[in-house]
């Protein structure tokens with residue numbers, strides 16, 4: 001009589017499977033597979049081999065605390081029956097005397113997460129034995145055509161899923177700078193932290209069974225992650241802080257990677273990490289989404305609108321010196337704002353609106369009761385389809401709102417101008433398999449000044465009026481055509497054109513920098529005044545300068561001047577200006593942004609002319625040299641050269657260095673005091689533990705500056 005079949009050992013073939021499923025960068029010691037793709041395992045039997053006609057092997061997979069067949073978080077499927085009702089399938093690969101190799105495949109819609117794998121063996125005469133084979137993690141699969149996150153370009157998959165470093169663009173539209181970032185999605189414990197993040201969400205805490213069942217949807221998962229990156233509703237990963245007071249945490253500008261942030265959150269019992277701003281929220285979300293298998297990239301929008309009342313108008317208020325004021329509506333234009341795009345199908349929307357979707361983890365406005373934003377279809381934004389889920393009106397306003405400028409004087413507001421092209425410029429992301437910047441503005445809107453762009457804007461406005469948003473009375477002043485800008489400069493020297501309609505402008509003003517604006521040096525610039533009329537013009541121009549936060553919030557003014565300029569017909573004149581380092585140094589924010597403004601008026605006319613320019617002060621970057629060849633498991637020396645760019649002593653200097661695959665953890669070096677203009681270097685030793693293209697990121701902070709950065713790409717060879 002045949003004995004019941006007994007399992008002695010199971011080989012989950014973690015190393016082999018993980019390579020096939022593109023998860024070997026995470027680990028080869030534990031099974032991590034992607035849905036919609038088969039993986040193999042070998043069963044070793046104690047007493048005899050598997051006999052297909054005699055034995056029936058039934059597999060059971062379960063995820064979540066309350067696995068349920070009806071919800072899809074539990075599946076039961078047989079090796080023998082290919083017509084099983086379960087979407088999970090198993091089949092025989094090879095059958096030996098005492099071992100059997102089988103293939104299993106999760107459906108491309110299965111919930112992602114941690115699974116328990118069990119088998120029941122039903123042998124001849126009713127002998128039943130049950131075994132727990134082990135755990136595995138199931139991820140989204142952008143290589144599977146049936147998966148909602150399928151991306152059909154291998155270079156794009158390598159960039160948006162597999163690349164563990166990149167650049168986040170900061171500064172201003174006049175001076176775009178890349179900030180190196182270590183996403184580190186494959187570093188030790190990051191996958192466990194990502195799954196813990198899902199389990200800490202309000203959705204899981206409220207209804208864990210339903211939450212786990214919905215984890216097969218990238219739309220659902222992306223909204224959950226988006227809400228969990230900030231801590232406004234829950235114990236999310238990051239506390240936001242725009243106050244310039246970071247004494248009880250880290251200045252957001254100091255971070256160079258996501259790994260330290262996520263590990264700190266995990267190690268402290270999931271207490272929010274202090275502090276983050278938009279680029280930190282987006283970078284951490286990119287890490288989590290890439291780790292889970294959803295193609296993701298980080299996007300920067302320069303001159304990003306924050307429209308609080310849904311009328312597609314950003315109201316800005318100025319005093320009679322041309323200084324920008326805060327406003328009760330809280331409308332602002334962020335110097336830059338950073339969010340994510342995630343790639344996914346959108347079966348919840350009409351056809352054609354899948355692909356890249358905007359997700360913004362920065363806590364600005366609530367969406368269905370929580371602080372998250374998206375996914376909003378990029379194509380829907382471009383076409384003005386603001387009635388499509390999720391949060392499309394808010395994203396549309398970030399890239400294509402109009403800007404209304406008001407002069408506040410004597411308790412009254414005087415309309416200066418409505419500018420229809422100032423919001424949403426140089427929308428940027430890292431290029432595929434390149435360190436260059438890719439401008440994707442055309443993905444979000446039609447060309448400024450085109451008829452299509454204005455038609456889309458008016459369509460969006462009409463949809464908002466018909467829906468739950470209501471346009472203010474000022475929004476009704478919109479005109480269907482855009483004024484032609486007076487002039488344009490190169491991308492590094494763009495200015496805001498004079499804010500009067502071009503058909504009546506007789507005098508124009510603009511600023512021009514004379515030298516690059518370097519930190520620690522005086523800022524020299526001129527005001528250019530041009531009289532295009534055939535009459536003499538007498539101008540009084542009030543000039544001012546004030547620091548800004550990158551979210552557009554103004555700080556106290558620190559410089560002002562008044563110029564009296566007489567212009568002959570068709571004459572142009574320049575008025576020289578200088579702001580010394582001693583005048584601006586104590587007023588700067590971490591963002592190093594200075595807004596210079598000029599408000600001009602003609603003696604014979606009540607009309608006002610407003611022009612402004614945002615200056616981003618730059619530091620010399622850190623230089624990193626790799627001394628010798630980089631080889632896995634071989635010592636490597638790295639030289640880091642840094643300097644104090646200021647003409648004064650700086651204290652409390654700290655250098656941090658990191659790089660996935662190169663350093664097991666972030667390196668921190670206490671440098672102490674640096675003398676004025678002092679240049680120094682240190683040598684760091686490390687042992688690379690992963691091969692391939694890698695990046696070193698470095699940051700130096702002090703009591704005077706927080707974010708002098710540098711990076712170096714390194715190719716690490718296999719050990720010989």
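The backbone N, Cα and C atoms fix where each Cβ goes, glycine too.
In TrEMBL, the annotation region 'Disordered' applies to 468-499, one of the ranges 372-403, 404-435, 436-467, 468-499. Per-class residue totals from DSSP over the domain 'Transglutaminase-like' (270-363), listed helix then strand then coil: 15 helix, 41 strand, 38 coil. The two recorded residues, residue 402 (Ca(2+) binding site) and residue 278 (active site), show a Cα separation of 22 Å. In this structure the alpha carbons, written CA, of residue 337 (active site) and residue 278 (active site) are 6 Å apart. Listed recorded positions: 337, 448; maximum Cβ neighbour count within 10 Å falls on 337. Shown in sequence order, 305, 312, 381, 423, 424, 444, 445, 453, 456, 457, 460 are the residues of the chain, 6+ apart in sequence, with a C-beta less than 8 angstroms from the C-beta of residue 400 (Ca(2+) binding site). Each residue in the domain 'Transglutaminase-like' (270-363) has a pLDDT score, and their mean in this model is 94.
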